[in-house]
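The region 'Pyrophosphorylase' annotation in Swiss-Prot covers 1-229. Swiss-Prot lists 8-11, Lys22, Gln73, 78-79, Gly140, Glu155, Asn170, Asn227, Arg332, Lys350, Tyr365, Asn376 with the feature UDP-N-acetyl-alpha-D-glucosamine binding site. Residues or ranges marked as Mg(2+) binding site by Swiss-Prot: Asp103, Asn227. According to Swiss-Prot, the region 'Linker' annotation covers 230-250. Residues or ranges marked as region 'N-acetyltransferase' in Swiss-Prot: 251-457. Annotation source Swiss-Prot lists active site, proton acceptor at His362. Taken from Swiss-Prot, the feature acetyl-CoA binding site applies to Asn385, Tyr386, Ala422, Arg439, supported by sequence analysis.
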Amino acid sequence: MYNCAIILAAGKGKRMKSSMPKVVHKVCGKEMINHVIDNVRKANIKDVNLVIGKGSETVKEHTKDRNVTYSMQEEQLGTGHAVICAEEFLKDKKGTVAIFTGDAPLITNETIQELFEFHNSGKYAATLISSTVQDPTGYGRIIREASGVVKKIVEHKDCNEEELKVNEINSGMYCFDIEVLLNSLENLNNDNSQGEYYLTDVIEIIKKSGEKVGAIVVPYEEIMGVNSRVQLSEAEIVMRKRINHKHMVNGVTFIDCESTYIDVDVEIGNDTIIYPGCVIQGNTTIKEECTLYSNSRICNSVIGSGVIVENSVILESHVGEGTTVGPFAYIRPETKIGKSARIGDFVEIKKSTIGDNTKVSHLTYIGDAEVGSKCNFGCGTVVVNYDGQKKQKTIIGNNAFIGCNTNLISPVKVNDNTYIAAGSTITKEVPEGSLAIARSKQINKEGWLDKKGLLKK
């Protein structure tokens, strides 16, 4: 059986009060439209078409790696009109098409699979997703026949007294037999107060033709649409609970899961402990037995097993197993730190490689450098990598000891097994086995304070 999907993503999203299309706003690190696309794909649906309109180029930019096709809806004349705009996508296809909304990011791949299976096994012409809620005010009601088969969808404003008591609501997401849908769209009109073409009217057209219409009922959170910043926040809360629950089931300890913020594509190994206030973003991978103390942020990075991070920021970097980072360290993009290293407090590292067992314990800046293994950096060391026009490279070999308050003026090379005396400013290569001293000779002027009248008696 051929299955495909159309995702409606042309809405303006006026209530978002944003210059961006509504569907590219993110929930737990991923655009709403990409949540829907990815879950459709997890349900083994290969052909996906997006109906786009306002901000179409922005939507295309955010979905360019998703291997989807696009249909344009120049004017927003209702959900039925949006599907009419995708008729070219459906042309000459036979099978089943599902229609989803790009602003409902909480729909799961399990529900999508269930929708297709229910629709195809029951040989329905149309199947819709519904939900039951305590307060259905404002929603279209699902009216069923005594047998349980869907009879019609009635908008709230058109409900009679009995229909208002129904608490099963329409989600705006459907499955259709493609041929039946295309035939029904030919009979769709905009004879209503809004002058729009409603997809809900297609259900009534199908019923009148004698075809079967079914429905599956899912939890409300799965069909919740996002039309405002308030609803965006509500969706974020639901998604975050799902993400954290998944990690806890897989063996991750959260000291306080409600104050831990993890993006949807993050991977975390078992026996890792995460303290409150941590933010883990993007395509980050954290391996087994790590400890992330409070107020740490890690984005698009790989953290090896047994790493300890405390009150630190790690961006687009790799940290080797057994390394400790922080407190208050700043690991900037394109940094690779080896195994069992020590990156201490108020250390900033940018676009550099740090070898195994190297210690950079405090108050140090390293930029555009290659540092070997078993090195030790004293407090206050600075790699001076910028000459006013471009960044220069520093190379430090294995077993180098860098004394406190050393300036390494790039480009410069410090070879294996070297010592640099505290307070030195190094501008030339330091040979292997050498001690480098580059500082002014100390001069003591005896009696100077007395001569200047500054000596307190």
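Any Cβ shown, glycine's included, is placed from N, Cα and C.
Sequence features annotated in Swiss-Prot and their locations in the structure.
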residue: Ala10; record: UDP-N-acetyl-alpha-D-glucosamine binding site; Cβ contacts under 8 Å, 6 or more apart: Val51, Ile52, Gly53, Lys54, Ser56, Gln73, Gln76, Ala82, Cys85
residue: Lys22; record: UDP-N-acetyl-alpha-D-glucosamine binding site; Cβ contacts under 8 Å, 6 or more apart: Gly11, Lys12, Gly13, Met16, Met32, Gly102, Asp103, Val226, Asn227
residue: Gly78; record: UDP-N-acetyl-alpha-D-glucosamine binding site; Cβ contacts under 8 Å, 6 or more apart: Asn190, Gln194, Glu196, Tyr197, Tyr198, Leu199
residue: Gly140; record: UDP-N-acetyl-alpha-D-glucosamine binding site; Cβ contacts under 8 Å, 6 or more apart: Ile153, Val154, Glu155, His156, Ile169, Asn170, Thr200
residue: Arg332; record: UDP-N-acetyl-alpha-D-glucosamine binding site; Cβ contacts under 8 Å, 6 or more apart: Leu315, Glu316, Ser317, Glu348, Ile349, Lys350, Lys351
residue: Tyr365; record: UDP-N-acetyl-alpha-D-glucosamine binding site; Cβ contacts under 8 Å, 6 or more apart: Val347, Glu348, Ile349, Thr381, Val382, Val383
residue: Asn385; record: acetyl-CoA binding site; Cβ contacts under 8 Å, 6 or more apart: Gly367, Asp368, Ala369, Lys391, Gln392, Lys393, Thr394, Ser410
residue: Arg439; record: acetyl-CoA binding site; Cβ contacts under 8 Å, 6 or more apart: Ala421, Gly423, Ser424, Thr425
Long-range neighbours of the region 'Linker' (230-250), counting only residues six or more past its ends (CB under 8 A): 16, 25, 27-28, 32, 105-106, 221, 224, 257, 260-264, 266, 268, 270
CB within-chain contacts under 8 A for Tyr386 (acetyl-CoA binding site), separation at least 6: Gly367, Gln392, Ser410
List of residues, in chain order, with Cβ under 8 A from that of Leu8 (UDP-N-acetyl-alpha-D-glucosamine binding site) and at least 6 apart: Val51, Thr79, Ala82, Val83, Ile99, Phe100, Thr101, Gly102
Secondary structure tally of the region 'Linker' (230-250) (DSSP, helix then strand then coil): 20 helix, 0 strand, 1 coil
Inter-residue C-alpha distance, Ala422 (acetyl-CoA binding site) and His362 (active site, proton acceptor) (nearest angstrom): 15
Close in space, distant in sequence - His362 (active site, proton acceptor), Cβ under 8 Å, 6 or more apart: Gly344, Asp345, Phe346, Val347, Cys379
Span of Asn385, Tyr386, Ala422, Arg439 around acetyl-CoA - largest C-alpha separation, Å: 22
PLDDT averaged over the residues of the region 'N-acetyltransferase' (251-457): 98
CB contacts for Asn227 (Mg(2+) binding site) [other CB atoms within 10 A, all chains]: 15
